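**Student:** Residues or ranges marked as compositional bias 'Basic and acidic residues' in Swiss-Prot: 21-36. According to Swiss-Prot, the feature domain 'Protein kinase' maps to 73-331. Annotation comment: Swiss-Prot describes Asp197 as active site, proton acceptor. As annotated by Swiss-Prot, phosphoserine applies to Ser237. Summarising the annotation, Swiss-Prot assigns region 'Autoinhibitory domain' to 337-367. Taken from Swiss-Prot, the feature domain 'EF-hand 2' covers 410-445. The Ca(2+) 3 binding site annotation in Swiss-Prot covers Asp459, Asp461, Ser463, Tyr465, Glu470 and is backed by sequence analysis.
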Amino acid sequence: MGNCLAKKYGLVMKPQQNGERSVEIENRRRSTHQDPSKISTGTNQPPPWRNPAKHSGAAAILEKPYEDVKLFYTLSKELGRGQFGVTYLCTEKSTGKRFACKSISKKKLVTKGDKEDMRREIQIMQHLSGQPNIVEFKGAYEDEKAVNLVMELCAGGELFDRILAKGHYSERAAASVCRQIVNVVNICHFMGVMHRDLKPENFLLSSKDEKALIKATDFGLSVFIEEGRVYKDIVGSAYYVAPEVLKRRYGKEIDIWSAGIILYILLSGVPPFWAETEKGIFDAILEGEIDFESQPWPSISNSAKDLVRRMLTQDPKRRISAAEVLKHPWLREGGEASDKPIDSAVLSRMKQFRAMNKLKKLALKVIAENIDTEEIQGLKAMFANIDTDNSGTITYEELKEGLAKLGSRLTEAEVKQLMDAADVDGNGSIDYIEFITATMHRHRLESNENVYKAFQHFDKDGSGYITTDELEAALKEYGMGDDATIKEILSDVDADNDGRINYDEFCAMMRSGNPQQPRLF
């Protein structure tokens, strides 16, 4: 079981997010330079603890008594939903100021390593808070169900969204973005932190203002640097991971590589190392051939290409440092970067690259819900055997025990990865339909008959097309829909641009790409 990457590279895969593939470490234990007991509660006065005797001690992830974030903040609309939690808009009761509250379900923090990682992320955000281009951290609160992180509200949206919305795009604009990203790297390294997961999705705009700052918002894989230590655990996101990470011998230079990948995308619209599978991406990274021949590279300045080459140098000892990048003639403030517009096709490719095709994921779930019982009799029995408390859902502990009974020797991290891959709605457990979707052979799920049934499910009026209204209704039924997502899906799937999806387009979507994904069994 698992996939061939685990055999060749010793790593496990996370579910795809926002059109990119991610890798998760085998061993997530990381070093800290800070006492967990010094984690801020976010208040200047002694907090009104609720039953501290009951809620203190080892049970608390933050190693402090529980504290209700709602005593200090009013939580309102949902801003976003990720693999590990939900982000809400929140308002501080004492000042009326607006912040973002990231709520991480404790069901997702099942291993000792998960809890250590959570504490470390908070420590690092506290350590870096107040620096330019880094989100300001307000405080951490823990209750019975979740750990809540309150931080600066970045109301300007995602980095790529802003670039795409502008229309006009130039080397100077790309240099401005890259300068802020590398400034984050420079600050992190100066303050003894290695980020380890730089990618566009981890940067937001501070406001909708034209001159808004770019802010780094996610430090979940970051570590305090131990001088002289060689890091070996494989972390990061597939397109952005440095070759030395795959070789399991790396240091802080990996952050410059990731920033160089982002710069390549900013200038061309696509990553330099591309393949349909994670294995293909990693093989391309290790081979290290960078394409400067295809469009738009012939029209990109030599100075820009020089910086990309220096940042994507295979040997980390010869790779340019963050401080040196900031002094490069093309990147520095008022430098050589031209304001001449870059080919508009770059923006189009960038949009396609970042668009996650949520419709395909939803279609597989619909197929699993409606598949004939006789086809899945064995899987049904397997689900019942693993669901030992007959709750109708499989918890992490049940999955771990069930795999052990089948003779599996997976590590805790690998079991956790399988759990996350199967848990589509992110509630910390696997329901029956999620189990079927994750365990059935993909070719059976995607048979012509099943694909047609899924199309009919979305095509409510039987017109032969999935309209915008039908798409919106289907996505919202599963809590996946917003206007931006619908537009991205249509852009990605609607080949003839008539504003609706016909059966041929739907089939092409279901057959395309099919990157290798982890299966439970």
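Every residue gets a Cβ built from N, Cα and C, even glycine.
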**Student:** I want to verify one value. Collapsing DSSP to three states, which class is Ser463 (Ca(2+) 3 binding site)?
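**Tutor:** In the DSSP reduction, Ser463 (Ca(2+) 3 binding site) maps to coil.
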**Student:** State the Cα to Cα distance, in Å, between Ser463 (Ca(2+) 3 binding site) and the residue listed as 'phosphoserine', rounded to an integer.
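**Tutor:** Answer for this pair: 41 Å between alpha carbons.
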**Student:** Neighbour count first, Cβ atoms within 10 Å, every protein chain included; then name which of Ser237, Ser463 tops the list of recorded positions.
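**Tutor:** Answer returned by the neighbour count: Ser237.
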**Student:** What's the most sparsely packed of the recorded positions Asp197, Asp459, Asp461, Glu470, counting other C-beta atoms within 10 A?
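**Tutor:** Among the recorded positions Asp197, Asp459, Asp461, Glu470, the sparsest Cβ neighbourhood within 10 Å belongs to Asp461.
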**Student:** Do any residues at least six apart in sequence from Tyr465 (Ca(2+) 3 binding site), in the same chain, have a Cβ closer than 8 Å to its Cβ, and if so which, in order?
**Tutor:** Asp459, Arg500, Ile501, Asn502
**Student:** When DSSP is mapped onto helix/strand/coil, what comes out for Asp197 (active site, proton acceptor)?
**Tutor:** coil
**Student:** Measure from the Cα of Asp197 (active site, proton acceptor) to the Cα of every one of the recorded positions Ser237, Asp461, Glu470, then give the nearest.
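**Tutor:** Given the candidates Ser237, Asp461, Glu470, the nearest one is Ser237.
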**Student:** Give the sequence-ordered set of same-chain residues, not counting Asp459, Asp461, Ser463, Tyr465, Glu470, with Cβ within 8 Å of the centre of the Cβ atoms defining the Ca(2+) 3 site.
**Tutor:** Phe458, Lys460, Gly462, Gly464, Ile466, Thr467, Arg500
